[in-house]
Each structure stands twice: as structure tokens, then as C-alpha cells.
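Over in TrEMBL, the protein carries these features:
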- 7-32: transmembrane segment (TRANSMEM)
- 44-62: transmembrane segment (TRANSMEM)
- 74-91: transmembrane segment (TRANSMEM)
- 97-115: transmembrane segment (TRANSMEM)
- 135-155: transmembrane segment (TRANSMEM)
- 161-182: transmembrane segment (TRANSMEM)
Amino acid sequence: MIRGEPLLRGLAITGGLASVAYMMTFSIIVLYATATLGVSPVGYGWILAVSSLGGLLASFSTARMRRVLGYRRLVPSALALGAITMLGLFATASPYVAALLLAGYIFHVTVWNICVVSLRQRLVPDAMRGRQNSLFKLSGLAGLVVGAGLAGPVASVGGLAAPFGIAGLVFTGCAAYTAWLLKIEPEVSSRLVEEP
């Protein structure tokens, strides 16, 4: 099913790469928070609490954004936001800025997940959905394994902020790729953008 559908294949690849970037950073985020941002365990808890607000906001606003922007603009924009937040985390040493950036990151993750799952449900026949879900899961889990394996070496060589810089570049590439991918799928993307 994915082999014959470039959009699904591209989204699976993007999901795998995004998982690499995610786990490369979140594997070392406690060390980053305590050593780079200089927060206590309580401060780290507050950062996580603030970051969760991004997911809450996205859960209420994604449907409306999708209606206004369509998938073609919203999916790449969400990934671009992921890139901006990761590059911001690479550059900052402020826990307050980091908390807001992480909220933006969780916002992007939630928007991405809602949009991609919705696209998959619209594109895949019911009889094929289980197999398609398993392939997306495999792509995501493989990305998590690779990201976790890269986190330590990258942080050891480049410092605790380095994984965030690399993740920002990965998300930049993913945003550009999905913008191109959705642009070359005019029949699918235009039909989906126009649906209520």
C-alpha cells in the first residue's frame, strides 16, 4: 500500500526521521535541563508542565487550522515549527525560553500527529489500514532506536546542546520534503484541502 502511494511513503519516511530527531534530544533532555539550563529537579518539572500546554492548545486548534490552511500548508508548517524550536533550544541557555520553545515543540508534534493520522485514514482503505499502521509504527520505532543510539555520541562530541542543533536541521529537511511531497500530489492534496 505504501509502496504504491508516494504521499504515504513520504509521510512514513518523514515520521521515521522526526522520531530520530525527537529521541536524539529527549534522551538527554534531563542532562540538558540541569547542566545547560541550570535548573533543579523542580525546575525541570515546571519546564515539562509548561511544555504540555503546547499539546493542549494544539488539540483544540488543529482542526480549525487545518480548515483554514489545508494539509499542504499545515503539515510543512508544523515541521518548520519543530525546526525553529529545536534550533532555539540549541541556542538558548534560559530555562524560561526553553520552556516556551518546548511548548512550541509539543504543539508541533500534536499538530503533526493529528494531520498525518487523518490523512492516512482518508487515503487508506479499511482493509489495508492495519498493515499501513504497522508500517508507520515500524518507521517511528526504528527512528526512536536510532535517535537514542545517536544521542550519547553526539552529546559527548558536541556538547549537550548539539543534538538539538542536529534535530533542528533534520526538521528543516522534513519540512522542505513534505512541502515538496504535498505539492507534487495535486489530486490528493487539493481534494483533501477542500474537504470540510
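In case you wondered, yes, glycine gets a Cβ from its N, Cα and C as well.
TrEMBL does not curate its annotations; it predicts them automatically.
Annotation: stretch 135-155 has the most Cβ pairs under 8 Å to the transmembrane segment (7-32), among 44-62, 74-91, 97-115, 135-155, 161-182.
Packing against the transmembrane segment (74-91) from elsewhere in the chain are residues 14, 18, 21, 25, 32, 62, 65-66, 97-98, 101-102, 104-105, 107-109, 111-112, 115-116, 119, 161-162, 164-165, 167-169, 171-172, 174-176, 178-179, 182: each is 6 or more residues past its ends and has a CB under 8 Å from a CB in it.
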